[in-house]
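A.B. asks: Annotation comment: TrEMBL describes 246-375 as domain 'Alanine racemase C-terminal'. Residues annotated as N6-(pyridoxal phosphate)lysine in TrEMBL: 36.
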Ligand SMILES: *Cc1c(COP(=O)(O)O)cnc(C)c1O
């Protein structure tokens, strides 16, 4: 299907360059490129081979179908790449994981640990697992003071503790005090287990924001999602300039109209022209993944100028005020929803900030609803 009215492009080269850059920053740590949620909307099946070619040690996933997509890519590298599940698994997921998908699972409870242990013993294998320690995220895992339980887990047969991990709650925030407290708690627990796990166990705490902001010396593995796609990792910290956005979204103008002063535009008549205006009508709306919440707030690039979205975003139409564009604007001209045009740029994170969301949510909407072309 060739969509003429919207172009969602993903650059494999940029994705690869971002991963290479991150690998260089974190060396000698290993890297897990996080590709859950269909690679944050960028397309798991299309980008997983790129991540593997770029030399990632692990791919982070959440669901069994995601793991299946990778295992079925067809190459030996894809059959053998280490997969790390980034949440607790359901019992049924574990059965399939042990049997065929070979996902390295997190363990956050004695119950799950015993389940995996029995699965390993029954099949005569040592299942590689990662202990999840909750140091403040508060979603799952063992609390960092459950040392006796953790020791018990380390002694179970049929599993091999290859990693000990924690996840940061606010490494993207302004203050990093809580993150440093989490690191301290994590290494206390790690130390308490030193006689119970292999010395080479992979300690891993860092997500994207922490990887670009916080010392990484003690980590043996980092789990990086957002930074690989070139989106901002923290509102309070600039990404290294080498990390470039991977996805762009463009459309073309379906009509240019002269609208007199005092007319209302769109559903609910939420915008009234304050002057004789030029309004461009774009053939995309929230049906194409352009967030409805951007009414009277979004910005679109036309002829290299930042033009405001006026009125409600409809299901398949968005209206933009182009009165201040000095060049003539014509039917069919390009409009950039996310990306670069001339000297101007609009990022997913800029749009997300306008309605208190996160870039990933818009990535997902744009990526899921439109066929992505890979360049
Ligand atoms: C999603 C996820 C990450 C990656 O987070 P980014 O901020 O996108 O780098 C890392 N670790 C865990 C446990 C996750 O769930």
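Note: Cβ is positioned from N, Cα and C throughout, glycine not excepted.
Show me how these features fit into the structure around them.
C.D. replies: According to DSSP, residue 36 (N6-(pyridoxal phosphate)lysine) sits within a helical segment.
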A.B. asks: Taking the Cβ of residue 36 (N6-(pyridoxal phosphate)lysine) as reference, which residues of that chain separated by at least 6 in sequence fall under 8 Å from it?
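C.D. replies: Result: 60, 61, 62, 63, 66, 86, 225.
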A.B. asks: Would you mind splitting the domain 'Alanine racemase C-terminal' (246-375) into helix, strand and coil residue counts from DSSP?
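C.D. replies: The breakdown for the domain 'Alanine racemase C-terminal' (246-375) reads 27 helix, 48 strand, 55 coil.
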